[in-house]
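Now, the feature entries from TrEMBL:
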- HIS111: active site, proton donor (ACT_SITE)
- GLY13, SER14, ASN15: N(1)-(5-phospho-beta-D-ribosyl)glycinamide binding site (BINDING)
- ARG67, ASN109: (6R)-10-formyltetrahydrofolate binding site (BINDING)
- 3-184: domain 'Formyl transferase N-terminal' (DOMAIN)
- ASP147: site 'Raises pKa of active site His' (SITE)
Amino acid sequence: MTKRVAIFVSGGGSNMEALLDDMAKPGHAAVPAVVVSNNPSAGGLAKAAARGVATEVVDHRPFGGDRPAFEAALLAQLEPHAPDIYCLAGFMRVLTEGFVRQFSGRMINIHPSLLPLYRGLRTHARALEAGDAEHGCTVHLVTPELDEGPILGQSRIPVEPGDTDEILAARVLRQEHILYPAVLRRFAVGDHTPIFLP
Ligand code: GRF
């Protein structure tokens with residue numbers, strides 16, 4: 001049965017585009033249901049709308065620190081789209097344990113590091129500061145702890161001499177665009193076997 005996918009974005013949405021491009025190919029087991037953002041000016045919203053994908057916005061700012069109220073509003077916007085799978089793609093809000101538990105086994109995230117290394121922010125700078133020979137990105141099931149959860153895929157690249165965090169981030173992002181669609185393809189048919197690239 002075709003799975004319906006909700007994609008959460010906060011910014012430019014290049015990972016979202018990679019997922020939408022792949023779902024548009026014949027034979028994919030999933031279709032986009034909705035793109036949702038906490039940021040009314042997220043570039044990803046316009047890109048999704050231009051492709052005819054439904055969009056929803058729940059600005060987190062009026063909710064102040066009331067995360068459960070923000071999440072209740074998010075849920076209300078999502079429900080009519082009846083998603084089966086939830087893809088976090090550059091979604092920059094921390095979700096509460098209660099919210100995440102509702103989607104256990106159905107929510108996945110992409111993170112720009114080789115988890116379990118470098119949960120949270122500044123992942124590229126931290127990899128460079130540590131003198132790592134390799135860096136990369138990870139897709140994982142979302143669990144209540146930030147950037148944890150079983151790994152569904154990982155792509156590693158060498159750190160090159162002269163890399164700055166911007167240069168490294170750009171190279172990792174290209175890998176994200178390959179890894180995330182590859183993982184979603186498997187995930188949509190219930191296959192949780194991890195993918196390791198390249
Ligand atoms: C990606 O690097 C993602 O892994 C991180 O934020 C970035 C979002 O980029 N969490 P985009 O919005 O998909 O272009």
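Any Cβ shown, glycine's included, is placed from N, Cα and C.
Mapped onto this structure are the features recorded in TrEMBL.
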residue: GLY13; record: N(1)-(5-phospho-beta-D-ribosyl)glycinamide binding site; Cβ within 10 Å: 23
residue: SER14; record: N(1)-(5-phospho-beta-D-ribosyl)glycinamide binding site; Cβ within 10 Å: 18
residue: ASN15; record: N(1)-(5-phospho-beta-D-ribosyl)glycinamide binding site; Cβ within 10 Å: 27
residue: ARG67; record: (6R)-10-formyltetrahydrofolate binding site; Cβ within 10 Å: 16
residue: ASN109; record: (6R)-10-formyltetrahydrofolate binding site; Cβ within 10 Å: 25
residue: HIS111; record: active site, proton donor; Cβ within 10 Å: 24
residue: ASP147; record: site 'Raises pKa of active site His'; Cβ within 10 Å: 20
Query = Can you list, in sequence order, the residues of the same chain other than GLY13, SER14, ASN15 whose CB lies within 8 Å of the CB centroid of the N(1)-(5-phospho-beta-D-ribosyl)glycinamide site?
reply = VAL9, GLY11, GLY12, MET16, GLU17, ALA18, GLY44, LYS47, ALA89, GLY90, HIS177
Query = Which of the recorded positions GLY13, SER14, ASN15, ASP147 has its Cα nearest to the Cα of ASN109 ((6R)-10-formyltetrahydrofolate binding site)?
reply = ASP147
Task = Select the closest residue to GLY13 (N(1)-(5-phospho-beta-D-ribosyl)glycinamide binding site) from the following recorded positions, measuring between CA atoms: ARG67, HIS111, ASP147.
result = HIS111
Per-residue pLDDT averaged over the domain 'Formyl transferase N-terminal' (3-184), given as an integer = 97
Message = For ARG67 ((6R)-10-formyltetrahydrofolate binding site), which of the three DSSP-derived states applies: helix, strand, or coil?
response = helix
Request  = Filter the candidate list GLY13, ARG67, ASN109 of binding-site residues, keeping only entries whose CB is under 6 Å from an atom of ligand 1.
outcome  = GLY13
